[in-house]
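Positions annotated as Mg(2+) binding site by TrEMBL: A:80, A:82, A:84. Here TrEMBL flags A:81, A:98, A:105 as Zn(2+) binding site. Annotation comment: TrEMBL describes A:33-107 as domain 'Phosphoribosyl-AMP cyclohydrolase'.
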């Protein structure tokens with residue numbers, strides 16, 4: 001899976017030129033995070049074999065793990081029936097996808113009408129981003 | 001998990017008042033689909049214990065399975081660190097989440113630079129929607 005430019009053209013990019021991209025652990029199936037990709041991010045993801053998103057807050061490409069080292073190696077890339085969502089199976093370096101230092105970003109579960117934190121912080125974010 | 005109205009208020013709804021919602025098989029971990037929810041859809045999902053989305057194309061609530069019978073029973077509801085994405089673990093009635101009659105909507109995988117269909121149609125969509 002190298003040249004993606006023709007395939008990228010077939011996706012249904014939204015008004016901002018983006019599609020949601022889900023990252024799923026390729027072995028456990030755990031959903032790690034959802035972020036966004038523009039066409040360049042998708043093409044680079046395939047070309048470099050690692051998840052590269054578009055940061056909406058920073059308005060820039062976001063090479064996942066560029067600061068933390070927690071790169072997501074691409075194992076498989078899928079699109080859905082409407083071609084408006086990307087699903088990646090990834091190998092999560094460091095076992096931490098979330099900027100809070102947790103394995104997955106989906107660490108809050110609804111229990112008795114409240115969001116409960118279910119997953120532990122594996123690494124202090126200060127350490128994760130080299131700011132300690 | 002019954003009263004969600006207070007919790008729903010804390011989500012980061014986008015400009016259209018929506019968040020992406022991922023449905024994942026609660027047992028296999030397979031990602032079945034991604035659709036959208038507005039606040040009412042999320043509240044009804046929790047209240048009725050089944051996935052209810054907002055159909056952007058129809059501009060209406062979409063009780064998943066209302067036509068096909070392939071309801072998604074809610075087993076677990078999570079949000080991510082930014083509170084702008086919902087993850088549901090569901091029991092997929094009929095083993096078919098996709099309107100094409102496939103188990104998952106993510107049935108196209110990038111192989112050698114092309115989208116390849118990897119999953120079989122389990123049931124003819126014409127039959128699925130009672131139009132045969």
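Positions of Cβ are set from backbone N, Cα and C atoms, glycine also.
Locations of recorded TrEMBL features on the structure.
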| residue | record | Cβ within 10 Å |
| --- | --- | --- |
| A:80 | Mg(2+) binding site | 24 |
| A:81 | Zn(2+) binding site | 17 |
| A:82 | Mg(2+) binding site | 16 |
| A:84 | Mg(2+) binding site | 16 |
| A:98 | Zn(2+) binding site | 22 |
| A:105 | Zn(2+) binding site | 24 |
To the nearest Å, how far is the Cα of residue A:98 (Zn(2+) binding site) from the Cα of residue A:82 (Mg(2+) binding site)? 28
Taking every residue in the domain 'Phosphoribosyl-AMP cyclohydrolase' (A:33-107), what is their average pLDDT? 97
With helix taken as DSSP H, G or I, strand as E or B and everything else coil, how many residues of the domain 'Phosphoribosyl-AMP cyclohydrolase' (A:33-107) land in each class? 13 helix, 29 strand, 33 coil
